[in-house]
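Engineer: Found this in TrEMBL, in case it helps:
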DOMAIN    54-121  domain 'Retrotransposon gag'
REGION    178-222  region 'Disordered'
COMPBIAS  181-215  compositional bias 'Basic and acidic residues'
Amino acid sequence: MGTPKIISEPLPPHFKAPALEMYDKSTNPGDQLEGFRALMILYRYFDALMCRTFQATFRGAIRCWFSNLPPWSISSWEQFTNLFLAHFISNKQCQKSIVSLMSLKQEPSESLQSYIDHFKKEELEVRGLNPMVSMYSAINELHPGSTLKCSVAKTLPKIKLEFLKKAQKYITVEEASVGDNQERAGEHHNGPPEKKRKSGDQRHPDNNDGRDNKKPPAPALAYKDYMPLNSTCTQILIQIAEEKFMKWPTKQKRNPKRGNPTKWPKPLIFYINST
């Protein structure tokens, strides 16, 4: 459907059409057009060849549309793209804006990992998004009780990458806390493990060798009434983790007598540096 000048333009030596997915107007026409244009520019192909090659990616209803165009109606690549977009503009998806990101609120029961992943996916559809605006939106829509939100409120990250690194640390702590809670729930459900008596150690109540089997009474507690916590221990430790008086424990040397440390439980350990 191109002009004689476009049709008669010779193909470059060893020309091979770019491998592109066939288009049937079921998806965004702009995505198909931009993908084709990027490949053609990469190989430095000229406009006439782009007009002749682009129609090879059509199929179904869009091929019928192209076949019904008037003869010699396409004289340039710019004209071809305008005709293409004007006819299939109804298939173009609505472009999302920063307003759509501001509606992504973290639900109380939603994990931090799920919220961050969802936010990253949505921000890819906002064209021309400023990284700092994206970071402020992600922080603002965190759950009000989020420990990450409380932490960044004290020290606001200077760049978005700094915020994402901090978020990943809190995600790791959150996942470890969930795993520990599930393990404790399983132990509570199954009950404490029974202690096995060593072979040969069979004692009877009436044969105690003169010793009393009763255990000594436990020492009295110094305090009986404690203030109940309104947050979990993990959340409290996260809040004070970045204070100056807190210090992460150093890596302990492996003791072969204590077994493989990779199979030990993974509690969250903090200690206060009182020096």
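Glycine is treated like the rest: Cβ placed from N, Cα and C.
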Engineer: With DSSP as the reference, give the number of residues of the domain 'Retrotransposon gag' (54-121) in helix, strand and coil.
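Structural biologist: Secondary-structure breakdown of the domain 'Retrotransposon gag' (54-121): 40 helix, 3 strand, 25 coil.
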Engineer: What is the average pLDDT across the domain 'Retrotransposon gag' (54-121)?
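Structural biologist: Here the predicted model's pLDDT, averaged over the domain 'Retrotransposon gag' (54-121), is 81.
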